[in-house]
Amino acid sequence: MVVKVGINGFGRIGRLAFRRIQNIEGVEVTRINDLTDPNMLAHLLKYDTTQGRFDGTVEVKEGGFEVNGNFIKVSAERDPENIDWATDGVEIVLEATGFFAKKEAAEKHLHANGAKKVVITAPGGNDVKTVVFNTNHDILDGTETVISGASCTTNCLAPMAKALHDAFGIQKGLMTTIHAYTGDQMILDGPHRGGDLRRARAGAANIVPNSTGAAKAIGLVIPELNGKLDGAAQRVPVPTGSVTELVVTLDKNVSVDEINSAMKAASNDSFGYTEDPIVSSDIVGVSYGSLFDATQTKVMEVDGSQLVKVVSWYDNEMSYTAQLVRTLEYFAKIAK
């Protein structure tokens, strides 16, 4: 049985999700909704500065475009309630615009001739289940209509924090994501549409302090860590490839080797482990949601207690997208 998917919003995440779905048997994108001209969408699908050229054929046709010989309808509806997903058999919508990230807004896809399920590609709030695949995807029972795939940083932080907490118990912690610049920053100095004075500065020429909700959102993914973590972000002049540092106090004293052994034991398709001396460009395109770097683990003795620092890499574009697609595929499989 083929699961038919619709993508609302064909930006960075929407296009990369489309790419990944091309390689998954039993999942097919049948409609894309985006306000941008299809010629532009096809061009941006075919050519990608950070992730490389699309490995396939893309040809614009009337009403959409043809990818590897398969026609995908493209519509341009502003209101999700007006998207006729059912005509193309769409069962699950990947909501990737950033504008319909709350449950009530995302549910518009389910109205009229809508779909059956929605996966939001952003933090969704307390009234939807927030899923980081291979960390807490077992909270889903298939009856849900709208779920959130969290954020790219939460997908990096959560498996590392869970492995640390399961093994040693986290008391409190501070995280910092050293994050690639994104499309919500200015390329050159100029007014920021959201009024953020720092994001109004040239993203490719500055380290830009920024907020992140990843640490606080961790409680939606790992309830036992609710209220125990806080953090911030530093946007840096690279187009993709980011890293999360987590500094914590633990319930017990540990060694670097013990921490690294626990992380290696917890590794899986979503949470990788490396002892190589890598840099950010080395993780562009990786499918791990989080790649633990054992070379950066630190333990400091402080008056009989310890401060522990752990570090994990992520491609804020592809790592996150890979996790979203894993979640979508699983959600479709258990749907009731």
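Glycine too: its Cβ is placed from the backbone N, Cα and C atoms.
For the D-glyceraldehyde 3-phosphate site, Swiss-Prot gives S151, C152, T153, R199, T212, G213, R235; the one candidate out of T97, T135, T182, T274 that the record lists there too is T182. A gap of 17 Å separates the Cα atoms of R12 (NAD(+) binding site) and R235 (D-glyceraldehyde 3-phosphate binding site).
Its Cβ placed at the centre, N316 (NAD(+) binding site) has 28 other Cβ atoms within 10 Å. Residues R12, I13, D34, R78, T121, N316, recorded as binding NAD(+), reach a greatest CA to CA spacing of 27 Å. Of all the binding-site residues given, namely I13, D34, R78, T121, N316, none has its Cα within 10 Å of the Cα of T212 (D-glyceraldehyde 3-phosphate binding site).
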